[in-house]
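Asker: Pasting a structure below so you can have a look.
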Amino acid sequence: MVKACLLLFGVTLLALLALSRFGFNPENLYGAVEMEFGATALEPGGLTANPVDSVSLGLALMLGLLGLPHILMRFYTVPDAKEARKSVAYATTFIGYFYLVIPIVGFAAAVLVGRSSIAAVDKGGNMAATLLAELLGGNILMGFVAAVAFATILAVVAGLTLAAASTISHDLYVNVFKEGDASEGEQVRIARKATIVFGVLSILLGILFKHQNVAFLVGLAFAVAASGNFPSLFLSILWRNLSTTGAVISILIGSVSAIVLIILSPTVWEEVFGFKEALFPLKNPAIVSMPLSFLTAFIFSKMIPEKAAREKYDSEKIRTYLGIGAE
């Protein structure tokens, strides 16, 4: 909570200082952007030229957020359903506000700092906010923004690593491979090994994609979440016939297909591997991999129905409508 407040404070301060250069009028800022870079700079689709790619990226950003592991883990850190709803409300409010402020910071950096200056420091443009902070508030503000950003990165990485390690140690090792017959010491040992593996893998991928724009890479991560986790979560709420088998295979197919298509996309196949022509034309695969995940869940739930899952769905529906046990 403290980290989130510091991050929002830093971004708000940065936006206000930037707007002060334009008479606290966003219209003046956008006018300066249009004058320097043309009207196309204010149009959507800056990260992608293909309209289908833009739709795919939009789907990933909208629906992938609902399936991010470190966001879903918030439901396991609250005592009851009431606190879970409050946690979601706070998180949604903070994220929505952040999305509204970020365009001001980005456009201000482009006008005040300059695209060439930003690209000279980092090819992917990931240092724009830090350079803007240095311009507006000197080394003190730059240090504050950099420190808060670094703390946020560490928190997100820690949350994702914890989610991945718990999945390997608890869900797979204990419940699948050991069928529930594993000691706590074994589970902790597997979790530690998984943490090391995921940590090393993350570092290697970070080095491999160091020149890529972080905002676009976030869209790829959201595409995996939108394809792997979102369909099963969505169907478990709205579709009575979703079976455990259908959900599990849907998660596997969605995640694997998204990752494979990302590797075959121009972002990795051409820009990272250096091959001439990508095997998959879109930069973001969500528009293909997410429907595939939904289709997989539907097919396998019909092929392998589960009576217990339907009964549990009915009981949860009653609890949802009447509020019994959800105080």
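Note that the numbers count up from 1, one per residue, in the order the chain is shown.
The backbone N, Cα and C atoms fix where each Cβ goes, and this holds for glycine too.
Please treat TrEMBL annotations as automatic predictions, because they have not gone through curation.
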Asker: According to TrEMBL, which listed range is transmembrane segment: 1-19, 286-304?
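Answerer: It is 286-304 that TrEMBL describes as transmembrane segment.
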Asker: Is it the case that the transmembrane segment (140-169) and the transmembrane segment (215-239) touch, counting contact as three or more CB pairs under 8 Å in which the residues of each pair are 6 or more positions apart?
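Answerer: No, the transmembrane segment (140-169) and the transmembrane segment (215-239) are not in contact.
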Asker: Using a Cβ cut-off of under 8 Å, list the residues of the same chain at least 6 residues beyond the transmembrane segment (55-76) that approach it.
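Answerer: Counting only partners 6 or more residues beyond its ends, the transmembrane segment (55-76) has Cβ contacts under 8 Å with 47-48, 84, 87-88, 91, 95, 156, 159-160, 162-164, 167, 218-226, 228-230, 233-234, 282-288, 290.
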Asker: Of the listed stretches 88-113, 215-239, 286-304, which one has the most C-beta pairs under 8 A with the transmembrane segment (246-266)?
Answerer: 286-304
Asker: Cβ under 8 Å to the transmembrane segment (88-113), counting only same-chain residues 6 or more beyond its ends: which ones?
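Answerer: For the transmembrane segment (88-113), the sequence-distant neighbours (Cβ-Cβ under 8 Å, at least 6 residues beyond its ends) are 4, 7-8, 11-12, 14-15, 18-19, 21-22, 26, 29-30, 32-33, 36-37, 41, 65, 71, 74, 128-129, 131-132, 135-136.
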